[in-house]
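Asks: In case it's useful when we look at the structure, here is the feature table from TrEMBL:
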type     : residues : note
TRANSMEM : 6-28     : transmembrane segment
DOMAIN   : 8-403    : domain 'Ammonium transporter AmtB-like'
TRANSMEM : 40-60    : transmembrane segment
TRANSMEM : 90-112   : transmembrane segment
TRANSMEM : 119-141  : transmembrane segment
TRANSMEM : 161-182  : transmembrane segment
TRANSMEM : 198-216  : transmembrane segment
TRANSMEM : 228-248  : transmembrane segment
TRANSMEM : 255-273  : transmembrane segment
TRANSMEM : 279-299  : transmembrane segment
TRANSMEM : 311-331  : transmembrane segment
TRANSMEM : 351-373  : transmembrane segment
Amino acid sequence: MEISAQHVWMMLSAAMVLFMTPGLGLFYGGMTRAKAALNMIMMSFISAGIVGVVWVLWGYSMTTGDGFLGLFGNPFAHFGLQDLIGSPDLIKAGFAATFAIITVALISGAIADRAKFGAWALFVPIWITVVYCPLAYMIWGGGLMSAGGAVTQIFGQVIDFAGGAVVEVSSGTAAFVLALIVGKRHGFAKDPNHRPHNVPFIMIGAAILWFGWFGFNGGAASTAEQAGLIWINTLVTPAAAMLSWLVVEKIRHGHPTSLGAASGVVAGLVAITPSCANITPLAALGLGLVAGAACAVFVDLKYKFGFDDSLDVVGVHFGAGVIGTLSLGFIAFPAEGTSGGLLYGGGPQQLIAQTVAVLITIALSGVGTLVIGRVIHKTIGFRVPLEHEVTGVDLTQHAESAYEFGLTAHGHFRQQQAHLSALITRKPAAAAPETKEDSFA
């Protein structure tokens, strides 16, 4: 079979989406403290390694083909992808794998600074198998919420072109649950060192994410006309979201920040994900304005309600994911299989379908993550000891440091031990030699 332009575009898009994962690592690595930067990048990288293997063995099989009660596909149907050799379906399998990788990597931002790397490496394949694959099958693979599925026949056809529910709401829900299980960082909401240590990393990471999102949203486009609409919507929504986030930030805090600009871009990208092929550019612009402004407020709710979503996965990905998915009930234009949103005279049917999809996603991801996280936490433990958190998970989990300024790992450990002793005894710590790394704590 000759390769077509659509095949080439999907392979290129898959590479772009895969590139989003190290981009996410930079984004998260810059947002955390210097002594946890490598750990955050590694949590993204290990997700790619583990999910890549899982996908070839059983992950892809669970998201397609004949399924069990519309919940998931036969895990052994395409085991090893041997039966797909010589078929262009291998391209689709590879493209789908990159979505699974970035989805689970997103969750890691909620447990920054304090998670055991081994526990995370165990969580990843189980969560992909128990939560992500069933969701992907139910919405995209012929399951309950796909065309002809049992839920669809009752509530109508859900629209989720690129993963508002499958990727964003599921990862945001999991992030919230896992943050509760692992618990708050030491000094949460009090320690001034809990702030981004490298804003340029954040900006570069956001730029990589924006670039990759054109493949993320557009890779499955079936026509040039559809691809063009997706491309322009993926441009305008994050652009508008960035602006509205900065305005809200200026009003609430007095300054528009680089972190706010980057976070606004990501919020807009998340919001347009489910609707990129189903709304007009003007509607996409309005969606961006709403998502950016709303998420600028959502990210502060963790302080009000007392949960430590370290890098704002819940506020941005869950918040914008829900906004984007539900917005289709209002602004989706009529298309094959759907009646259109309320603003197009389509009635409440589309909004009902979108709401049901969000609720099912929250339930599956929430319960699945709770069970997986609790079992891991009660067996091998999900959280590092306090002294390791104070020293930094880069050194204690990986024996590496993102920045070397002449201080040995042993010397750094002793310095942090003195700080920890002071915290426990409530007495001033013995003076430690000043180093250039102090400002990166």
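Even glycines carry a Cβ here, placed using N, Cα and C.
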Asks: At a threshold of under 8 Å on Cβ distances, which of 119-141, 198-216, 255-273, 311-331 pairs most often with the transmembrane segment (228-248)?
Replies: 255-273
Asks: Between the transmembrane segment (6-28) and the stretches 90-112, 119-141, 255-273, 279-299, work out which stretch tops the count of Cβ pairs under 8 Å.
Replies: 90-112
Asks: Between 119-141, 161-182, 198-216, 255-273, 311-331, who has the most Cβ pairs under 8 Å to the transmembrane segment (351-373)?
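Replies: Comparing 119-141, 161-182, 198-216, 255-273, 311-331: 161-182 has the most Cβ pairs near the transmembrane segment (351-373).
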Asks: Before we move on, state whether the transmembrane segment (40-60) and the transmembrane segment (119-141) share at least 3 Cβ pairs under 8 Å, counting only pairs 6 or more apart in sequence.
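Replies: Since 3 or more Cβ pairs under 8 Å link them, the transmembrane segment (40-60) and the transmembrane segment (119-141) do come into contact.
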Asks: Compute the average pLDDT of the predicted model within the domain 'Ammonium transporter AmtB-like' (8-403).
Replies: 97
Asks: Give the nonlocal contacts of the transmembrane segment (161-182) in its own chain as ranges (CB under 8 Å, at least six residues past its ends).
Replies: 99, 102-104, 106-107, 109-111, 114-115, 123, 127, 131-132, 135-136, 139-140, 216-217, 220, 230, 270-271, 273-278, 307-310, 313-314, 316-322, 324-325, 357-358, 361-362, 364-366, 368-370, 373-374, 377, 382-383
Asks: Cβ under 8 Å, sequence separation of at least 6 from the ends of the transmembrane segment (198-216): give me the contacting residues as numbers and ranges.
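Replies: Result: 12-20, 22-31, 34, 37, 99, 102, 162-163, 231, 234, 238, 258-259, 261-263, 265-266, 269, 273.
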